[in-house]
Amino acid sequence: MTKVVKTDAEWQAQLTPEQYYVTRKKGTERAFTGCYWNNKKPGLYSCVCCGTPLFRSETKYDSGTGWPSFWQPLDPNNIRMERDLSHGMVRTEVLCAVCDAHLGHVFEDGPPPTGLRYCINSAALAFVPESAASS
């Protein structure tokens with residue numbers, strides 16, 4: 001897997017201000033404001049920064065949190081995790097393995113079969129509808 005490395009200026013030129021804040025500065029969009037939290041269409045969710053496939057709609061569920069939630073990544077090799085001690089909490093941060101974009105966090109309160117909840121910012125994702133993803 002080839003890493004994608006860009007300067008801060010290159011990321012700022014490529015991304016919207018919100019995408020840049022979330023993915024490059026480890027920000028979080030407000031709950032229930034992202035464009036994908038309630039998306040029920042079939043398709044593929046990829047990294048907004050580099051296009052790496054991350055999640056499929058089949059593993060997305062309504063966690064009631066206001067962020068897109070998935071119980072499993074498409075390919076575990078496409079994400080990486082780091083311990084996050086920010087904001088006085090201990091969490092596990094989820095990042096894109098290719099470009100190091102901050103995606104969100106993973107929690108151990110998800111549904112079967114994994115028991116995991118990948119709580120991901122909409123601003124970190126690009127959605128490709130199933131009809132377009134299969135062509």
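Yeah, the Cβs are placed from backbone N, Cα and C, and that goes for glycine too.
Within 10 Å of the Cβ of C119 (active site, nucleophile) there are 23 other Cβ atoms, across all protein chains. As annotated by Swiss-Prot, active site, nucleophile applies to C119.
Long-range Cβ proximity for C96 (Zn(2+) binding site), meaning a same-chain Cβ under 8 A and a gap of 6 or more residues, is found for C47, C49, C50, T52, L54, N78, I79, R80, L103, A124. Residues annotated as Zn(2+) binding site in Swiss-Prot, with sequence analysis given as evidence: C47, C50, C96, C99.
Annotated domain 'MsrB' per Swiss-Prot: 8-130, in sequence order. Across the domain 'MsrB' (8-130), mean pLDDT in this model comes to 96.
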Practice problem: Would you mind splitting the domain 'MsrB' (8-130) into helix, strand and coil residue counts from DSSP? | Solution: 29 helix, 40 strand, 54 coil
Quiz prompt | Among C47, C50, C99, which are binding-site residues, the residue with the most C-beta atoms within 10 angstroms of its C-beta | solution = C47
Quiz prompt | Cα separation, C119 (active site, nucleophile) to C99 (Zn(2+) binding site) (Å, whole number) | solution = 19
